[in-house]
Amino acid sequence: SVGFKAGVKEYKLTYYTPEYETKDTDILAAFRVTPQPGVPPEEAGXAVAAESSTGTWTTVWTDGLTSLDRYKGRCYHIEPVPGEKDQYXXYVAYPLDLFEEGSVTNMFTSIVGNVFGFKALRALRLEDLRIPTAYIKTFQGPPHGIQVERDKLNKYGRPLLGCTIKPKLGLSAKNYGRAVYECLRGGLDFTKDDENVNSQPFMRWRDRFLFCAEAIYKSQAETGEIKGHYLNATAGTCEEMMKRAVFARELGVPIVMHDYLTGGFTANTSLAHYCRDNGLLLHIHRAMHAVIDRQKNHGMTFRVLRKALRLSGGDHIHAGTVVGKLEGERDITLGFVDLLRDDFVEKDRSRGIYFTQDWVSLPGVIPVASGGIHVWHMPALTEIFGDDSVLQFGGGTLGHPWGNAPGAVANRVALEACVLARNEGRDLAAEGNAIIREACKWSPELAAACEVWKEIKFEFKAVDTLDK
């Protein structure tokens, strides 16, 4: 018998296996690999598979104490990226045994934890993941999901309306609560803490929670509708975060909020479990996502962060607008939206979806369109996002010349007009402006909003685009 053979071995000899047939239980990953000059794509692909699973830079004698064939990641297919020089799409299959059940943290630590600093690669991007149903079933997922949220709020047949309170920092708790009340009274369903509103010297969290709860109950009594404010429970420690969520539940409010990337997946999953057990909806903000997902050749796509969130748990998540000030190409954004809401999503490379994904009845997440949008965008948003969405107008509500409540009225009237027109069979894409103009005739608040924002557009090309 041959003894242990020390030394450095090419990765592709062990980890590049084009003949491998993937299993239903494998986690599949699609990477965009940019090898260093002189490194063949097969070696680069195999290096990714090795470094994100069982491999290290040299053979080690302890390899003989386990079954590498059972546990190793395998690069099973490589193809050039269309229209790009020296970039390859590498597909890697990971056996399910490599991952702790119910832990997004462990899944990411394995798949993207170490390999992105690897010297043989100039750049690396995780484009998509196929999560096997066997693994999905180890997660709770979103605390409630779309249908349960509608039933809790008693709101059907239209998108929900939100507003981020601005200025995001600097208001006292009482003035903040006042702004919340005006927006909710005017016809919005939700108002929102901004992502960096936590507990600062000018407004401690407990004071904010109390004044916002007062605003919610007062506006509910006046309008006869259920209202909510996304109370941001994000904090410096998990214990403090949970303390804030518990206080929100004691106040009887319907929804709390978390910054899931800066807060971390472990904290987020704990909060999602608490929210399901205690009947709280959970709004998720994606602060920090563009650090990870905006560059086209390095990092990971928002598609992957989105799937991770559905596993970890959240009832809403920001999803780009297609028409506002923040990044989001239409096809890519719609691909994201389907992965959040639908139970089964077919592979469709034209929308950036590399794998067919079956969510096996894991609850859906409502996409939130937010960032630089106003009443003139309403027809496009209604058409693009459909009913199961939250349309969030911060400046588009608070920037109204007559104040917050009229700003809220303008948005609600514009939304109701668009939903009515759609239900009557009109074409929102073609007739959008006409629909809004007609509605202005019986809403002076909407007419004033249309006057202020008639010419505003944010016209820049998206950075993260699809490969044609």
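Sequential numbering from 1, following the chain as shown.
Placed from the backbone N, Cα and C atoms, the Cβ positions cover glycine too.
The Cβ of Lys166 (active site, proton acceptor) has 15 other Cβ atoms within 10 Å, all protein chains considered. The active site, proton acceptor feature in Swiss-Prot is assigned to Lys166 (among others); the stated evidence is sequence analysis.
Swiss-Prot lists His285 (among others) with the feature active site, proton acceptor. In three-state terms derived from DSSP, His285 (active site, proton acceptor) belongs to an extended strand segment. Spatially close to His285 (active site, proton acceptor) yet at least six residues away along the chain are Glu195, Asn232, Met257, His258, Asp259, Tyr260, Ile317, His318, judged by Cβ distances under 8 angstroms.
Annotated substrate binding site per Swiss-Prot: Asn114, Thr164, Lys168, Arg286, His318, Ser370, in sequence order, evidence recorded as sequence analysis. DSSP assigns Asn114 (substrate binding site) to coil, not to a helix or a strand.
The Cβ of Lys192 (Mg(2+) binding site) has 29 other Cβ atoms within 10 Å, all protein chains considered. Look at Lys192 (Mg(2+) binding site): DSSP puts it in a strand. Among the features that Swiss-Prot reports, Mg(2+) binding site is placed at Lys192, Asp194, Glu195, with the record citing sequence analysis.
Lys5 (N6,N6,N6-trimethyllysine) counts 9 other C-beta atoms within 10 Å of its own C-beta, drawing on all protein chains shown. Marked as N6,N6,N6-trimethyllysine by Swiss-Prot: Lys5.
According to Swiss-Prot, the site 'Transition state stabilizer' annotation covers Lys325.
Ranking the binding-site residues Lys168, His318 by C-beta neighbours within 10 Å puts His318 at the top. Within 10 Å of the Cα of Lys166 (active site, proton acceptor), the following recorded positions from the list Lys5, Asn114, Asp194, Arg286, Ser370 place their own Cα: Asp194.
Residues Asn114, Thr164, Lys168, Arg286, His318, Ser370 are listed as the substrate binders, and the farthest two of them sit 36 Å apart at their Cα atoms. Counting only the Cα atoms, the space from Lys168 (substrate binding site) to Asp194 (Mg(2+) binding site) is about 6 angstrom. Thr164 (substrate binding site) has a Cβ environment of 24 other Cβ atoms inside 10 Å. Around the Cβ of Asn114 (substrate binding site), the number of neighbouring Cβ atoms within 10 Å comes to 12.
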